[in-house]
Amino acid sequence: MMQRPPFRPEEYSLKETRPHLGGHAAGDKLTSTYDLVEQMQYLYVRVVKAKELPNMDITGSCDPYVEVKLGNYKGATRFFEKNNHPEWNQVFAFSKERIQASFVEIVVKDKDLIKDDFIGRVTFDLNEVPKRVPPDSPLAPQWYRLEDRNGHKVKGELMLAVWMGTQADEAFPDAWHSDAASVHGGDGLASIRSKVYLTPKLWYLRVNVIEAQDLIPNDKTRFPEVYVKAMLGNQVLRTRVSPARTLNPMWNEDLMFVAAEPFEEHLILSVEDRVAPGKDEVVGRTVISLQHVPRRLDHRLLTSQWYNLEKHVMIDGEQKKETKFSSRIHLRICLEGGYHVLDESTHYSSDLRPTAKPLWKPSIGILELGILTAQGLLPMKTKDGCGTTDAYCVAKYGQKWVRTRTIIDSFTPKWNEQYTWEVYDPCTVITIGVFDNCHLNGGDKANGARDTRIGKVRIRLSTLETDRVYTHSYPLIVLTPAGVKKMGEVQLAVRFTCSSLLNMMHLYSQPLLPKMHYVHPLSVMQVDNLRRQATNIVSTRLGRAEPPLRKEIVEYMLDVDSHMWSMRKSKANFFRIMGVLSPLISVAKWFDQICLWRNPLTTILIHVLFVILVLYPELILPTIFLYLFLIGVWYYRWRPRQPPHMDTRLSHAETAHPDELDEEFDTFPTSRQPDIVRMRYDRLRSVAGRIQTVVGDLATQGERLQSLLSWRDPRATALFVVFCFIAAIVLYVTPFRVVVFLAGLYVLRHPRFRYKMPSVPLNFFRRLPARTDSML
């Protein structure tokens, strides 16, 4: 068995931090735009263009580029061939904490095969560089005469702007950063910059296949067995084979798809004839553009339409459309705007709005997230013989995804980037993931490199107090085949601001999902299939952005594999259920102790309370609610002061057996040896057998309740009916208070008046028949 390190709870705990947010500690009150992150100072150099550069080559031309030098850091623009008036318009950013020089040098050079020629330079003393703080307008660039190395003026001028700023500057996202000096090429630089992504607008497409008319099968000697196959992109659905084997078949069956705006694929419907097992022939097909499909906001039926079916025949080896073909298909097609298209797990939903914008309710607040730093990241890959990590963060809430810039070769990266989202429902979750960038130089595309997941954080907005800034360091925990592992910590600042407390409180009385989910609910199987299709569409569309948000990132953020079975999750959910039921079990045990008079004083007090409630039954409900109120006020002292985070104990991650983890990370279908699969199957059978027994026992108790009046056991039902008749007469005659009083005294009677054998009602109930006799 594999040896595990000792479990240390503090290693996986949440830690409160006190960063200097917004630079207020330094007395700078002008950085309120980025008030949830630490202020970072940068030296910005904007190289705009040059003019009247001298010819340097023998051919009488100039291939200019600009090199910006600051101490040990050096950045260069792209070069232009044979251009004396080039225009670059590139920005360079140097972190102030890494500056080890007193001046910055901007050098114009001529690109050459052997050695680049010096054309001229411009230098700036860092003490003289102006400071710019948004919302000031950008600093206007100026023309500067080039100088030689001795300070003498030479031919040519360079347009520049140099200033000191922060990460709130508009030039920050697109700047070349000095900490990314090892990254070359346009693709590499694009892959490390911060970006905001918007997921496509998703719709449910409902295709109601009603009937077809005047079909012309290829084989006219037999009645066709036809069905309809519908395709939208890579989504393929089929109706059942029409039960009526005629040339006018009927189905009246709904097919549901996920479509994304802008609509790039067409809906292709084909009527096919099953001529033999495994062999189908196309009778006719039609292509429908989604641009013209009507959209509905509620459950009212739309007008159905007839569509002509086209048939293609082979003529001289080419497929051509047959013109004289009059078969038709009757359809009712619409884009459902009243549903919310689920593309993430329902437990971690960040958006619950319907697709149609007219159905959206006003936002209730603003969510602000400051992604500060990470600490103690582990090396994720090897570079030049040393472990290294190039970390970036992705945050997802609603339709807006954000990606921070990549910090190159650092185990303690500092991002200090701030983002904002509108909030429409407080019972939603924001997800923040940390990843290692494996696509820095653009050369890893061919070998299928994948960005590595470092860890993930989820925060439910309803657990946050409004207008409070939460600054915590969250553990980044991942589960590997070797066990649970802490990959480091990420420091976040979160603030949830509510615009109207009354509106937010009103939302707690509203349904979680839009109305259509309850008026015309989708089946569990439909929801699972549609969610898988929605996830594929989102990952495909985000993967086509520049820089792409790759498939492995999107799937990890959307918890695509959360539905996969594992022994660890089953045990964790079992103990969650036991944790929920334990208070009820504790109350039952406490009441049993009362009935057995283990503590006479407590039992007497319960008797007094019981007598008061019997004499004054109108006090029962007020007493219950007052008791709940007092419990809630009492627990207020121990209310959670921290947002939720990944809990390894709750997940049973640290106690999982190595073979259980290996089974959880196994592929589907399995890639393990047959003897291992057989062992796991036997284990699963034993666990499922116990679950089957428990479910069967619960069903048995319910069936015994049903059999009280079903006359399945005529004698038992007769006894119960007679008892009910006698009880009705007694209850009519006897005051209700007396009945409750006597029943309570009987339940609370002293142990010397009790029998050790089960009671008569319990014996009677256990003798009632269940349907287990009919089980094979």
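Cβ atoms here come from the backbone N, Cα and C positions, even for glycine.
From a predicted model like this one, the values you see are computed outputs, not experimental measurements.
The region 'Disordered' feature in TrEMBL is assigned to 1-26.
Here TrEMBL flags 7-19 as compositional bias 'Basic and acidic residues'.
As annotated by TrEMBL, domain 'C2' applies to 24-144 (among others). Here the domain 'C2' (24-144) is broken down by DSSP into helix, strand and coil counts: 12 helix, 53 strand, 56 coil.
The domain 'C2' annotation in TrEMBL covers 184-307 (among others).
According to TrEMBL, the domain 'C2' annotation covers 348-474 (among others).
The transmembrane segment feature in TrEMBL is assigned to 603-636 (among others).
The transmembrane segment feature in TrEMBL is assigned to 718-748 (among others).
For the transmembrane segment (603-636), same-chain residues at least 6 beyond its ends with a Cβ under 8 Å from one of its own Cβ atoms are 594-595, 597, 737, 740-741, 744, 748. Counting residue by residue with DSSP, the domain 'C2' (348-474) contains 7 helix, 63 strand, 57 coil.
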